[in-house]
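Novice: Here it is: the structure, laid out below.
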Amino acid sequence: MTTHQALVLDRVLLDAALAFFWGGSGMVFVTAGGARARLLATMRVPLLASSSLAATAAIAALPVQTAEIASDWTSVFQADVLTTVALHTAVGFSTVAGAITSVALFGAVFAGYWRTAVAFAGLAICETVTRGHAAASFDLAGSARMTVDAIHVLSATAWVGALPPFLLLVPMSRIPELRREAVVSMQRFSTLGHAAVALVLLSGATNTWLIVGRLSLHPNSPYQWKLLVKIAVALAMICLAIANRYLIVPLNRNHPETSRNFLMVGAALEIALGLLAFALVASFGLEDPTA
């Protein structure tokens, strides 16, 4: 595996782990009554595992980033090179900060401080915008660009990360004593999902304009080609979400079991597309937007 491939893989793992925790724990908090207790009991171990993966990927990011900069895997074992990258480069400093936050996230989860852990997850996600092509200087224009990007990644990861617990809520609606609370919770997911999708679209368009300099994209550019594919993936996810909400949910009145099955298939497809989007972002996020 090349250093570049390793860095892309590390970014995918970190983004997916943080998204699962950010969106998943958020969904647990908005779940109603007894369904919340059941959902938290089911999600507790996966959330701990995702925080552990996030911490591991964040810690590994510095040596992998160093190897990528030096184009040499042996630099991973050279303390002076690691120190130079960590303390004397913007990407190194940001990577170290992200590792500290992700380790704090794992510590908070392990200690049972769930609300604190959610705050750390949100902070860790925001810190990812200070690395890769989205990174900018902290002047007014640069800060505005990173703020828009932070809104984009927070809303996108909340949407994708909330889908696994949504999958768990659907079968809960079959249980008589949990049906009402599960349905209310799924309605809350739908309402918050509308807001998340709107933020993803608005911030994504703004971000493209700020980074590329225009809304039209050229497929001859490797960066812009992958961005076009990512936009297509996001639009496919939005179409699935709309179909679930406005076609499948009304089906529940007369065909509840069919509606549940379609909802689960649709959510599973959205998760798969979301992971594909993370992989694309991890890849083109390391490329030159103008190339």
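Keep in mind that glycine also has a Cβ here, set from the backbone N, Cα and C atoms.
As annotated in TrEMBL:
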DOMAIN    186-283  domain 'Copper resistance protein D'
TRANSMEM  12-33  transmembrane segment
TRANSMEM  45-65  transmembrane segment
TRANSMEM  85-110  transmembrane segment
TRANSMEM  117-138  transmembrane segment
TRANSMEM  150-170  transmembrane segment
TRANSMEM  191-212  transmembrane segment
TRANSMEM  227-249  transmembrane segment
TRANSMEM  261-286  transmembrane segment
Novice: So, by DSSP, how many helix, strand and coil residues make up the domain 'Copper resistance protein D' (186-283)?
Specialist: 87 helix, 0 strand, 11 coil
Novice: Could you tell me the mean pLDDT the prediction assigns to the domain 'Copper resistance protein D' (186-283)?
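Specialist: Reported value for the domain 'Copper resistance protein D' (186-283) is a mean pLDDT of 87.
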